[in-house]
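Participant: First, the structure itself, so that you have it in front of you.
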Amino acid sequence: DDIERKMFPEDDMSDNSATMTLMEEKDQNGFTPHPEPEGDITIEDEVHVTDDALIYGVTDNPPIHLTILFAFQTALLSLANQLALSIMVAEAVCGETNGMFKTRLLSTTLFMDGITTLMMILFGVRLPLFQGAAFEYTVPLLALQTLDPERCDPQIITESSFYNSTLNISILVNRTTSADDILYGQVQKLEGSLMLAGFLHFLIGATGLVGVLLRFIGPVTIVPTILLIGLYMTRTAVKFISYHWGIGLMTAAISIILSLYLGKYLLPIPVWTRKRGCHTIRYPLHQVFSILIAIMVGWGVSGICTAAGVLSHEKARTDVGIDIVNNASWFYVPHPTQFGPPSFDVSIFVGFFIATIISVLDSIGDYYACAKTCHVPPPPSHAVNRGIAIEGLCTTLSGIMGAGHATSTYGGNIGAIGITKVGSRLVFLVLAIIYIAFGLIGKFSAVFITIPHPVLGGALITMFGMFIGVVLSNLRYVCLSSTRNIAIIGTSILIGLMVPYWAELQGKDLVLTGNFRVDNILKTLLGNANLSGALLACFLDNTIPGTLDERGITSWQNIPSKAQESENLVTDDFKEGIEVYEPLFPQKWRNSKILKYIPFLPDPKKKPVLETVSSVNYEENTRV
């Protein structure tokens, strides 16, 4: 009933003298109910609702039952990504056989997703954005797997124990490291490296350095860098799906059919309202939850094959992880240093820092895409800086908690807002609480950990395929008829693939400086796919002559300029004003003169000025 009132505020259920039926009106807006037996319900005036109109805006508060329903829908939409990345981290740190560790790691991932989303809604850019596990941070972990396949094997180390200070006599003792020693040692390296990378991420937002980055890093640098991430992650998809190609390909095919082949069809869903009773509405439910439905079907088929004795490999069976679920506690609270005190690894940190730069630029684009989807003005500079700072702060917190990865804005949920027509901040606040609850319920994480690897591999095909496609879409800002741009992009991708492959072939003899620690650092850096590609692309793009328009820098530099303009922007084309970005802090502090020196807070001297801007210009100048 509430949705119908929002979509059709001029409905008059008691007046049957109108010339247009409610059924006809809703046919135009994608919500097609079946005709009522009593006849058509008419309205007095025709209601004009555009295809991209939101049912609930940023500051709207839906009824509590609808809020919970919308929040659960959005939570399930990104759950598969969190599971996949958590398992990738577990495998990178030699924890793939430790069910208890994997359960706690997934709980930490879900818990930090909720905390970061909550912080972003309350104190960050304040748009309805979901913060999930960032795939950009997995490349250094994959490099560790590729260059040192024996890192998970038990090692014999020599320890010296002095027992007589007078004679200075020592005993050398050989000790074999256990699997837990190797596992937690790897996790502790991720903790310290991620904490420092997150702190630098925070400084970029808190000091307003985003504009400086956009002067030197444009689409010609970003596209090959992120593309190498997607191409390099195919190793994980192949590893997962190789345990049973049939189930994996079936899972991928189901998600593709539901999301693409049947994407234009609206599924009839029976609903009940007090005003209209039982009726049906049309909604693309199969498209919104295509990956989750595919995982559930693949999981079910794996269970049937396991019961029939068809599957032999334990990674493809569903009965292997039963003990994990039984032994998992009902409630588990992720806490700092739960996997041990943080340590530091230079090579991992360098990979994380490159991922930080990529994540910053990607998040800025997501902020603007979300603003356009929600029909609000582009985010002002203080909101962008505040959002980047919150992401960095929560990345540092993720390092302290031992998540092994950072959190970043998910563009897929922005597209879901366009489908569901719900952009309420309240929905995303409830979404954050749901993810925090998921992280605290240990049994929940344990159940999802038991999903067979071929099923996850099939889901990764669709997710990574979409990831690579979104990356390539950024080329629309670049002049592709320019030989300069084509040569830089192609050469950077080629070198980014060649150097890690060469490092993998050389194995232990790759670097021999005589210092074991230096050798490991250099090996990891050379094995990082996006490091060599990013450095080469950035160097060539800034040294080879080319105009700003040709390089795509002009489009990217419009982001901070439009952010500045939006501080003086009020237009009838937007459903809500610039006040949606106002930070939460006491009213008496908002006129303080010191605020103009803080990049992530609004300058009190800059007051909105009435200015009309057409939606056409907004579309041309906003990076989506």
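Heads up, the Cβ atoms here are built off N, Cα and C, so glycines get one too.
No curator has checked TrEMBL annotations; they are predicted automatically.
Positions annotated as transmembrane segment by TrEMBL: 68-93, 105-125, 194-214, 221-241, 247-267, 288-311, 346-364, 426-449, 455-473, 485-503.
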Participant: For the transmembrane segment (105-125), I need the partner stretch with the highest count of C-beta pairs below 8 angstroms, choosing only from 221-241, 288-311, 346-364, 426-449.
Facilitator: 426-449
Participant: Could you check whether the transmembrane segment (221-241) and the transmembrane segment (426-449) come into contact, where contact means at least 3 Cβ pairs under 8 Å with the two residues of each pair 6 or more apart in sequence?
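Facilitator: Answer no: the transmembrane segment (221-241) and the transmembrane segment (426-449) share fewer than 3 Cβ pairs below 8 Å.
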Participant: Cβ pairs under 8 Å with the transmembrane segment (455-473): which stretch of 68-93, 194-214, 288-311, 346-364, 485-503 has the most?
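Facilitator: By Cβ pairs under 8 Å, 288-311 leads among 68-93, 194-214, 288-311, 346-364, 485-503.
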Participant: Cβ pairs under 8 Å only, please: of the recorded stretches 68-93, 346-364, 485-503, which one is richest in them relative to the transmembrane segment (288-311)?
Facilitator: 68-93
Participant: Go through the chain and flag residues at least 6 beyond the ends of the transmembrane segment (68-93) whose CB is under 8 A from any CB in it; none is fine as an answer.
Facilitator: 62, 101-102, 105-106, 109-110, 113, 130, 132-135, 138, 141-142, 144-145, 183, 186-187, 190, 233, 236, 239, 288-289, 291-292, 295, 403-405, 410, 412-413, 416, 420, 422, 424, 427-428, 430-431, 433-435, 438, 448-449, 451, 456, 459-460, 463
Participant: Could you give the residue numbers and ranges of same-chain residues that sit at least 6 residues beyond the transmembrane segment (346-364) on either side and whose C-beta is under 8 angstroms from one of its C-beta atoms?
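Facilitator: Long-range Cβ neighbours of the transmembrane segment (346-364): 134, 136-137, 139-141, 143-144, 189-190, 192-194, 196-198, 200-201, 204-205, 210, 213-214, 217, 222, 225-226, 229, 384, 387-388, 391-392, 395, 406, 408-409, 411, 520-525, 528, 530-531, 534, 556, 559, 623.
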